[in-house]
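A short worksheet on the structure shown next.
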Amino acid sequence: MEQYTSLAQRDQAVIWHPFTQMQTAPLPIPIVRGKGSVLYGEDGQEYLDMVSSWWVSIHGHANAYIAEKVAAQLTELEHVIFAGFTHEPAVRLAERLLPVLPGNQRKVFYSDNGSTAVEVALKMAFQYWHNLGKPRRKVIAFHDAYHGDTFGAMAVGGRSAFTAPFVPFLFDVEYLPTPVPGQEAAVLAQAEALFSDEVAAFIAEPLVQGAGGMIMYTLGVLDQLMKIAHRHGALVIADEVMTGFGRTGKLFASHYLTEQPDLMCLSKGLTGGTMALGITTCTQAVYEAFLSESKFKTLFHGHSFTANPVACTASLASLDILLSDETLANIQRISAQHTAFIDQLSGYGSATNIRQQGTILAFDLNTGESTSYFSNIRDYAYQFLLDRGVIMRPLGNVLYFMPPYCTTNGQLAYAYAQVEELLRTL
Ligand SMILES: *Cc1c(COP(=O)(O)O)cnc(C)c1O
């Protein structure tokens, strides 16, 4: 083996990164440790993590309380097969989670990431109809939806450059435009025409479509769409992988709604960003459609690391922190800071379509007449902020804040100031 001097070069010799064009991407930045909202580079540079490391680190990095609980669990029981066996952390987590979810959620099914949580929800929905002897095949989703990168999750997501090579292999889905402000009536009219008794499921990211570009829409119209779905018997899947665990200001975005979803998908913030875990929850009616003397009605799905005890323990510790007065106050504090910053942002012509939902603040970067100068606004903004020690990863021209809840007002003020600097250059 060749000898490489830096970690980044060693990385390049052996690693293929996600969502990365390896030929043109700059070398990755080695991170050696984290504390709260700060990541520390190998070279001593500090970075403010304003995206909670792909939206998972809701309590910041290297949380001591979660670490202590995880360490204790590791020496007690690190893993056990979850078919035919069970353990305290899995049971306790389900017992604690169900009461804070919409009241109709009755059973917890474990997997190990957001995409698998969605796969499980889709398989539950299709098999629900199969088991009832009334097979339904249609799924309705939103344009610009993102539900994960595995095949089923990709199929119910919007079609884009990301899915192009796989389109021939994805099952058909009917799309509704996202009911952004002003489009509500048109989308509802389209939904009335689209929903029928052949629709198995309607899947949505409630209130905020994350990876699709932090597209926000109002709860009223989602309630209406869920009512239309339910009128036709279709199951509603709320993908709260991103919106869950306080992101939108309430514990779950579904708490803003009066209609309740039949299935819910959770991951990302679930373990406080410590490790991978996925959860799909469902109503009693969904669960009961699988109960039978016949083995053929079984949900034949599982993963090696289903309900891993260490991941469940991390989730329990994360819930302790999330449900504390301090964190709930922090969520409101960050939301209020964002709202105040909108006043500043509104003064820049280069920031348009400014929108907020709880701790998520997003806007479009607008280069106006000089667009050609910044042929790639996304890369320019990313690098500009990174050079000033702020990690934000624009989705195309959409810049957004999704900070850990422990982020201080001082840290927010620093990040806001760098964004204002950026806007002044556009
Ligand atoms: C990230 C995400 C997923 C996929 O989760 P992974 O753990 O990355 O597989 C699914 N749905 C939504 C809404 C997401 O934001």
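Numbers here mean position along the shown chain, with the first residue as 1.
The backbone N, Cα and C atoms fix where each Cβ goes, and this holds for glycine too.
Within the same chain, the residues at least 6 positions away from R393 (substrate binding site) whose Cβ sits under 8 Å from its Cβ are V51, Y382, listed in sequence order. Here TrEMBL flags W54, Y146, K268, G302, R393 as substrate binding site.
Positions annotated as pyridoxal 5'-phosphate binding site by TrEMBL: G114, S115, D239, H303, S304. Close to S115 (pyridoxal 5'-phosphate binding site) in the fold, though at least 6 residues off in sequence, lie H147, G148, D149, T150, A153, G278, each with a CB less than 8 Å from its CB.
Per TrEMBL, N6-(pyridoxal phosphate)lysine is recorded for K268. According to DSSP, K268 (substrate binding site) is assigned to a helical segment.
In the three-state DSSP reading, W54 (substrate binding site) counts as helix.
Across G114, S115, D239, H303, S304, which the record gives as binding pyridoxal 5'-phosphate, the greatest C-alpha separation is 23 Å. Within the same chain, the residues at least 6 positions away from H303 (pyridoxal 5'-phosphate binding site) whose Cβ sits under 8 Å from its Cβ are S111, D112, T116, listed in sequence order. Only K268, from the binding-site residues W54, Y146, K268, G302, place their Cα within 10 Å of the Cα belonging to G114 (pyridoxal 5'-phosphate binding site). Considering other CB atoms within 10 Å as the measure, the emptiest surroundings among the binding-site residues W54, Y146 are those of W54. Screening the binding-site residues G114, D239, H303 for a C-beta under 6 A from any atom of ligand 1 leaves G114, D239.
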